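Enquirer: Pulled the feature table from TrEMBL, pasting it below:
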BINDING   ILE9, GLY10, LEU11, GLY12, THR13, VAL14, GLY15, THR16  NADP(+) binding site
BINDING   LYS104  NADPH binding site
BINDING   GLU189  L-homoserine binding site
ACT_SITE  LYS204  active site, proton donor
DOMAIN    354-429  domain 'ACT'
Amino acid sequence: MDAINIGLIGLGTVGTGVVKILRKNRDLLLKKLNVPLILKKVAYKNLSRPRTVDLSGIEITNAEEIINDPEINIVIELIGGYEPAKTYILTAIKKRKHVVTANKALLALYGEEIFKTAMEYGVDVAFEASVGGGIPLINGIKEGLVGNNILCMFGILNGTANYILTKMTKEGVAFKEALKEAQEKGFAEADPTFDIEGIDTAHKLTILLSLVYGIPINFEQIYIEGIGNIDPLDIQFAQEFGYRIKLLAVSRQTAKGIESRVHPTMIPIEHLLANVNGAYNALLVRGDAVGNILFYGLGAGMMPAGSAVVSDVVSLSRNLIKGITQRVPLLSYLPEKREKKPILSIDELICKYYFRFSAVDKPGVLSKISGILGNYDISIESVMQKGRKINGQVPIVMLTHEAKEANVKAALNEIEKIEVVKAKPVFIRIENDLRIE
Ligand SMILES: NC(=O)C1=CN([C@@H]2O[C@H](COP(=O)(O)OP(=O)(O)OC[C@H]3O[C@@H](n4cnc5c(N)ncnc54)[C@H](OP(=O)(O)O)[C@@H]3O)[C@@H](O)[C@H]2O)C=CC1
Ligand SMILES: N[C@@H](CC=O)C(=O)O
Ligand code: NA
């Protein structure tokens, strides 16, 4: 092969990063590959908007032109969203082009169709940037950890949410201001509610679940709670108890099935994951052979995401040069070996909890609350009431021993109805299984 021809659809944050890397490291990449990577065509929407990258020598065109160009070997989709991205990818596959995408939203919902079509047409679809941005964790799981039965995973997988929580925790910046900054830095999705409400993290967990357990892609199975309701007060109390709040993706194999959930979680302050800040992401993976592995790096932004896309391009180019495809199963398991393991309902979860009640400061309130908790088999580990009155009410804050989620919800529902309790009780799950041996 004399050259690998590439077509890029989408020249926003990530697309611009890809062009920059291909230009800046052209000679280095040639040394590693021995065949030049030629970015032949680029498509974007707004032709009048000036671009921040040198596009000389590249034909500016539209997506259809790229997909229909018989010389193009690899199509990179970086426009995001469901349509027309899905149509572009499926059409490119049917034209027997290899595809690189960073579009986790698309893969989490339509991955089954996309990977099945790629199998039929004998091409590869690579998606390293879709989870953990620049961290090579897809490749790490598919190849580096292939010999392991993965017991559990804990991930900080959304740079925007982590940036917001870090700014709120460390600098006391307001939620909205921190979100605006994340948007300006190019971390956020086109619809930032995906970042804030945990949807983007759940898209990423959906992809990981298929890679790790060989189960069909099914976004609907994941329990999702975002950070939209995190109050600075809870961040402060968490610190007083020795915890940080992070938006965590959790998956764990149990005898009954697989836990798969995304929610704000309290993590011991000294733990490595509690110290993953800003747009950084991390994924703690526990394999039965390797033990604990921690992947860490920038999960969002132009150059980190661009780095992951370029790694996919090089990996597919290596296959092209050797004349092989689908060397590794697209979702890490052979399609006929994938099986459906049950995903557990969140109500089955057993963990420790943080509660905050807003109650009128009267004698007997605490005993009423603890009485109800006792009725539901929830025992209290510690209580804090510092008498800080907010709108005439005092916050009563508790940590529990391990309790069942279904019981917690029923107890809090009952507590909310007590006359002296003036607001919906707040609860945050505490992750207790993060040991790094
Ligand atoms: N931003 C990040 O840090 C990360 C993003 N991702 C994922 O990467 C993908 C791209 O994200 P990002 O770069 O941030 O998105 P942007 O919104 O910055 O860029 C989207 C690009 O697509 C172009 N575009 C939109 N529709 C079309 C179309 N029909 N034909 C051709 N071009 C089109 C836009 O054109 P124009 O420039 O003219 O508007 C723009 O250049 C998404 O799937 C995202 O989830 C993954 C990891 C990290
Ligand atoms: N919006 C995402 C971008 C990367 O996937 C994030 O903030 O992590
Ligand atoms: Na990655």
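The backbone N, Cα and C atoms fix where each Cβ goes, and this holds for glycine too.
Just so you know, TrEMBL annotations never went through curation; they're auto-generated.
Burial and contacts for the listed features, if you can.
Expert: When secondary structure is read from DSSP and collapsed to three states, GLY10 (NADP(+) binding site) falls in the coil class. A simple way to gauge crowding: the CB of GLY10 (NADP(+) binding site) has 24 other CB atoms within 10 angstroms, across all the protein chains here.
Within 10 Å of the C-beta of LYS104 (NADPH binding site) we count 25 further C-beta atoms, all protein chains included.
The Cβ of GLU189 (L-homoserine binding site) lies under 8 Å from the Cβ of GLY80, ALA105, THR160, ASP195, ASP200, each on the same chain and at least six residues away in sequence. GLU189 (L-homoserine binding site) carries neither a helix nor a strand DSSP state and counts as coil.
Counting every protein chain shown, the number of other Cβ atoms lying within 10 Å of the Cβ of LYS204 (active site, proton donor) is 27.
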Enquirer: Report the recorded positions (GLY12, VAL14, THR16, LYS204) that meet this criterion: Cβ distance to the nearest atom of ligand 1 under 6 Å. Use sequence order and write none if nothing qualifies.
Expert: GLY12, VAL14
Enquirer: Helix, strand or coil by DSSP: which one applies to GLY15 (NADP(+) binding site)?
Expert: helix
Enquirer: Express the distance between the Cα positions of LYS104 (NADPH binding site) and THR13 (NADP(+) binding site) as a whole number of Å.
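Expert: Pair distance, Cα basis, whole Å: 15 Å.
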Enquirer: What is the set of residues, excluding ILE9, GLY10, LEU11, GLY12, THR13, VAL14, GLY15, THR16, whose C-beta falls within 8 angstroms of the centroid of the C-beta atoms at the NADP(+) site?
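Expert: Not counting the recorded site residues, we get LEU8, GLY17, VAL18, TYR44, LEU78, ILE79.
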Enquirer: Cβ under 6 Å from ligand 2: which of the recorded positions GLY10, LEU11, GLY12, VAL14, GLU189, LYS204 qualify?
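Expert: Near the molecule: GLU189.
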Enquirer: Between THR16 (NADP(+) binding site) and LYS204 (active site, proton donor), find the distance joining the two CA atoms and give it rounded to the nearest Å.
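Expert: So the alpha carbons of THR16 (NADP(+) binding site) and LYS204 (active site, proton donor) sit roughly 22 Å from each other.
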Enquirer: Using C-alpha positions only, work out which of the binding-site residues ILE9, LEU11, VAL14, GLY15 is nearest to LYS204 (active site, proton donor).
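Expert: Looking at Cα distances from LYS204 (active site, proton donor), the smallest one goes to VAL14.
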